[in-house]
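Asker: First the structure, which I've put down as structure tokens, then a few questions once you've had a look.
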Amino acid sequence: MDCDNGVVSEISDDKELLNLETVIPPPPNDSGHEFIGPSSGPPQVTITPSGVQSGSANGVSTSQQQQYSAEYLSQLLKDKKQLAAFPNVFHHLERLADEEINKVRVVLFQCEFSKESAPLPDAEGDSTVHTEKVFVPAKEHPDYNFVGRILGPRGMTAKQLEQETGCKIMVRGRGSMRDKKKEELNRGKPNWEHLSEELHVLIQCEDTENRAKVKLMRAVEEVRKLLVPAPEGEDDLKRKQLMELAIINGTYRSGTDQSALAAAQLAAVKHQQQPFAAALQAAALQRGVLPMMANGLSRSPTMAVCGAPIVMSPSGRASSAGATATSQAALIMQQQSQLHAANAGNAALQQQAALLQQQQAAEYQQLLLSQAGLYDFSAMQQQYAAVGQNAAVAAAQAQAQAQYGALAAAAAANSAGNQQYADYAGVDLTSQQSAHGGYYVRRWA
């Protein structure tokens with residue numbers, strides 16, 4: 001860049017990556033005094049997305065402010081959530097996303113607090129903690145949400161107020177906790193004495209006494225502005241807070257999304273109404289009236305939901321069209337009557353088939369019962385025969401055992417006598433049966 005007699009000529013390279021605007025102070029005036037601009041430092045250069053630079057006090061150009069929108073902030077938050085799935089991977093992307101989110105949020109949702117801050121005096125003395133209480137008019141406005149208005153979504157409004165005033169903003173007192181049960185349990189305990197007081201905003205400032213008074217005065221003034229209820233529908237701060245909360249929660253819908261949703265709902269309603277319109281058209285045909293879309297008829301602009309359309313004045317071709325519609329209606333009625341007759345015949349055939357099936361089932365059950373009785377009688381006879389055979393076998397076994405016992409006893413008697421007889425005659429004196437399986441007693445002569 002060459003400068004000659006206050007004339008600046010810009011020399012850009014072949015790539016033309018960046019163009020810089022340099023503010024040249026005007027020449028000295030007639031009085032000989034040099035003009036001093038608003039700031040003695042170097043000019044601030046802000047690079048816009050289009051490559052145009054413009055100075056700005058807060059580092060955000062006018063073109064950027066026009067481009068920022070709630071949809072853009074919602075997209076940035078979604079991108080940040082996607083980056084969170086890869087922790088410690090895209091360090092620069094996370095930092096750039098956070099910076100852009102903060103910048104857009106400041107432009108869109110920054111509360112318009114008073115920018116005229118009183119100059120702070122020089123520090124005198126030691127730093128101490130100074131507090132102020134601003135009571136909330138909850139009794140005058142019991143249905144107004146003062147706590148949410150002061151804190152904002154995720155405490156963003158209170159944080160912004162803390163940054164601008166240099167004080168700490170806290171909501172204390174009865175009704176300051178979201179969990180009412182926990183509030184009742186903690187009331188009266190140490191470090192929870194504020195729950196016994198009325199709802200108020202506690203402002204703390206840690207600084208020297210002379211500087212803390214200035215900070216507290218400004219903070220009290222801004223808090224009192226927030227405690228003035230705005231009319232319904234005219235609260236711009238509440239609108240911004242609700243929009244920011246919806247964006248944070250991911251439930252924000254832009255105007256484009258809402259119009260698309262409305263179009264989808266309308267299409268669904270039309271799709272559901274198509275069967276109803278077809279039913280109305282069929283009813284009109286059955287009554288011998290032309291359908292709604294038939295040519296050659298002029299109807300009233302409004303028509304009842306149910307019933308036939310009102311024919312106001314048929315044209316010249318109405319007679320031929322009416323005859324055609326009548327013949328079509330008669331044909332449809334004939335087809336419907338034939339269909340009903342066929343359905344009735346099918347129903348009668350089905351009833352007859354069902355009766356035949358029931359009769360066959362009853363006969364089959366009777367046959368099964370009779371066969372089951374025969375099978376049971378023969379089985380009983382077989383069981384009785386088996387029992388008789390078992391009894392006969394048992395009696396034969398008992399008789400054989402008795403005979404074997406008698407023979408054994410006779411053999412024992414013969415061996416015990418140990419006498420030899422030349423000839424003898426056996427005479428049966430008595431025959432006694434002493435018990436079951438008894439034996440005969442013989443006397444030897």
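Just so you know, glycine gets a Cβ as well, placed from its N, Cα and C.
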Asker: For which of the residue intervals 158-181, 182-205, 230-253 does Swiss-Prot record region 'Qua2 domain'?
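Answerer: Here Swiss-Prot associates region 'Qua2 domain' with the stretch 230-253.
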Asker: For Leu245 (site 'Important for the interaction between KH and Qua2 domains'), find which of the recorded sites Asn145, Pro153, Lys168, Arg172, Arg178 come within 10 Å, Cα to Cα.
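Answerer: Of everything listed, what lies within 10 Å of Leu245 (site 'Important for the interaction between KH and Qua2 domains') (Cα to Cα) is Pro153.
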Asker: By Cβ distance under 8 Å, which residues at least 6 away from the ends of the domain 'KH' (145-171) in the same chain are close to it?
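Answerer: Beyond its ends, the domain 'KH' (145-171) has Cβ neighbours at 105, 109-111, 113, 117, 136-138, 199-205, 207, 215-216, 218-219, 222-223, 226-227, 237-238, 241, 244-245, 248.
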Asker: Among Asn145, Pro153, Arg178, Lys238, Gln241, these being the recorded sites, pick the one whose CA is nearest to that of Lys168 (site 'Involved in RNA binding').
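Answerer: That would be Pro153, nearest by Cα distance.
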Asker: Since the record lists Asn145, Gln241 as recorded sites, which of them has the fewest other Cβ atoms within 10 Å of its Cβ?
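Answerer: Lowest Cβ count within 10 Å among the recorded sites (Asn145, Gln241) is Asn145.
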Asker: CA-CA, which of the recorded sites Arg172, Arg178, Lys238 lies nearest Pro153 (site 'Important for the interaction between KH and Qua2 domains')?
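Answerer: Comparing Cα positions, the candidate nearest Pro153 (site 'Important for the interaction between KH and Qua2 domains') turns out to be Lys238.
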Asker: As a test of the contact definition, list every same-chain residue at least 6 positions from Lys238 (site 'Involved in RNA binding') whose Cβ is closer than 8 Å to its Cβ.
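Answerer: Result: Arg149, Ala230.
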Asker: Looking at Cβ-Cβ distances, which residues of the chain lie under 8 angstroms from Arg178 (site 'Important for RNA binding') while being 6 or more apart from it?
Answerer: none
